[in-house]
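Structure first, commentary second.
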Ligand code: HEM
Ligand SMILES: N[C@@H](CC(=O)c1ccccc1NC=O)C(=O)O
């Protein structure tokens, strides 16, 4: 094939003056011009890109969880399984990404930490959205977003709907199990334990063949929480490695706060059922 400038390359289209190109389709102009370091420190670009890519993967996780919720509500479990598997894989991707950030030493981080002011991952609204979607709903954590009506609307819309775990427990009810009052929500938005919900899951786990879809759903949720826990663990370990026991820019005590978050359980009866079998 001959292009009008006379050059060819393996039949590839070479003239994009009037066609949609790779960059056009992906809005790379915007994405690749969205890194604005505030210092001259070499590692600040790593820090920014690490967070931006994490936020992009979180955007996809939110998209998948919301779609999975719709499917569960419609008793359409197979597509929900596929989406939940994808969410776990996204977290696996986020977990591997810590290896890149860990190449940054404490001295290298100190070179630009002051430039971050009081900004912190604590203010990641997409991270909160994922926690809220899963079922961990601490309303105090809406506060850092009170100044932004668009984000507040988005988070409140998520809070207005049942969470992933509520949908799973409702599915138990629709399959004839007695779930009592359903999943227990503690005053701080974390999940407590219901004996009835535990007993229902125990029945499912005692006879997986009979309740295969509920069993598969439970295992998808456990998989998701497993990867989510690994993310929290990688985060706190990286933080300790980089800033030790310093207070966080977001105002918390730092590592001790993050260690406490390791104890949060998203789907309590699904973990306890293992002991009950
Ligand atoms: C050197 C790297 C990092 C350090 C030193 C660090 C430090 C911290 C600290 C100290 C906190 C507690 C809140 C505060 O007071 O600031 C925090 C929270 C948080 N960080 Fe990071 N972080 C790092 C990397 C990341 C990355 C790559 C992400 C990915 C998006 C992230 C997301 C978060 C989130 C979501 C929270 C809130 C956790 C919660 O409330 O449970 N952080 N971080
Ligand atoms: N909380 C961190 C700062 C930090 O890590 C951060 C700052 C701005 C944007 C994202 C961040 N990442 C995770 O918390 C610190 O105390 O050093």
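Placement of Cβ uses the backbone N, Cα and C atoms for every residue, glycine included.
For the substrate site that TrEMBL gives as 47, 48, 49, 50, 51, 109, 113, the extra residue drawn from 190, 237, 249 is 249. Taking all protein chains in view, 13 other C-beta atoms sit within 10 angstroms of the C-beta of residue 51 (substrate binding site).
Around the Cβ of residue 235 (heme binding site), the number of neighbouring Cβ atoms within 10 Å comes to 18. With a cut-off of 8 Å between CB atoms and residues at least 6 apart in sequence, the same chain places 243, 249 near residue 113 (substrate binding site), listed in sequence order.
For ligand 1, the binding-site residues lying close by, meaning a CB under 6 A from one of its atoms, are 249; the full candidate list was 48, 113, 249.
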